[in-house]
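Peer 1: One structure coming up, written as structure tokens, with questions to follow.
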């Protein structure tokens, strides 16, 4: 249980994340779940209703006990690190709005995350997906929507949240699309004729009237399409055609980067297209490319035979 004043603070924090920090709804939901888990543990730890004073006086033992509990509950290192980052974010908000300081929180280092390489699809997997995704919509406009979404993500390297935020206003420029990504970072991506043609065909048969600033990708009931709904369409696809288990909407973004690198694009350009703040994030794809080259070498290099 939480004190009513704490509940109100959490609502203000969520508004701050959306309006000031430009976080996506999915990110805010994840952050809210992390904070809820932390405050529930604080409630258990102190054996009483959490108040602002409990938050202000939280010590290093409490934080470390909470992190240990998450580890015991089989949270991944990445999830544990994100949880701590969420708590720090909340405390920064309190420091800014209430002048509430708790520097102990910021002294705790995040657990080391396993460095997982991004998993992209092969070109063949992408082509199979494009060829067969239209078989699972049952309604023509849904089938076209699914295909247009895959092409958009793969051809432009968009995050699923970015793709699902595309409006008719984005279609007005014939040469490029302007994306506002994480942290309000703006990037410009060229339109491919195939992408725009598919989206245009989809909009021509979409049974719902949309304003120019409304997201164009809609669910069957006319509401904004949710990532989970689209990923369910992909689950059907990969089960029937034996596609990789890691095939998701986001895997097409990874494939965009990996395939550009394999075909000679430079890292800086890929960084700009993906909207990565740091080049080190983009450099993960060089490891993926090296793995690909090693596989080709091991199976095809004539001297090895």
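The first residue you see is number 1, and the count goes up from there.
Just so you know, glycine gets a Cβ as well, placed from its N, Cα and C.
So Swiss-Prot lists these for the protein:
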- 159: active site (ACT_SITE)
- 182: active site (ACT_SITE)
- 250: active site (ACT_SITE)
- 253: active site (ACT_SITE)
- 276: active site (ACT_SITE)
- 285: active site, O-(3'-phospho-DNA)-tyrosine intermediate (ACT_SITE)
- 4-95: domain 'Core-binding (CB)' (DOMAIN)
- 116-298: domain 'Tyr recombinase' (DOMAIN)
Peer 1: Tell me, what is the mean pLDDT of the domain 'Core-binding (CB)' (4-95)?
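Peer 2: Here the mean pLDDT over the domain 'Core-binding (CB)' (4-95) amounts to 90.
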Peer 1: So for residue 159 (active site), how many other CB atoms are inside 10 Å of its CB?
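Peer 2: 20, counting other Cβ atoms within 10 Å of residue 159 (active site).
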Peer 1: Reported in the order helix, strand, coil, what are the DSSP residue counts of the domain 'Core-binding (CB)' (4-95)?
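Peer 2: Going by DSSP assignments, the domain 'Core-binding (CB)' (4-95) contains 75 helix, 1 strand, 16 coil.
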Peer 1: At the Cα level, what's the spacing in Å between residue 250 (active site) and residue 182 (active site), rounded?
Peer 2: 15
Peer 1: If you count Cβ atoms within 10 Å of the Cβ of residue 253 (active site), leaving out that atom itself, what do you get?
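Peer 2: Taking all protein chains shown, residue 253 (active site) has 22 Cβ neighbours within 10 Å.
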Peer 1: In Å, rounded, how far does the Cα of residue 159 (active site) sit from the Cα of residue 182 (active site)?
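Peer 2: For residue 159 (active site) versus residue 182 (active site), the Cα atoms are 10 Å apart.
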Peer 1: Count the Cβ atoms, other than its own, that fall within 10 Å of the Cβ of residue 250 (active site), considering every protein chain shown.
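Peer 2: The answer is 18.
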Peer 1: DSSP three-state call for residue 159 (active site): helix, strand or coil?
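Peer 2: Reduced to three states, the DSSP call for residue 159 (active site) is coil.
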Peer 1: Specify the count of other C-beta atoms within 10 Å of the C-beta of residue 182 (active site).
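Peer 2: Excluding its own Cβ, residue 182 (active site) sees 16 Cβ atoms within 10 Å.
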Peer 1: If I take the alpha carbons of residue 253 (active site) and residue 182 (active site), what is the distance between them in whole Å?
Peer 2: 15
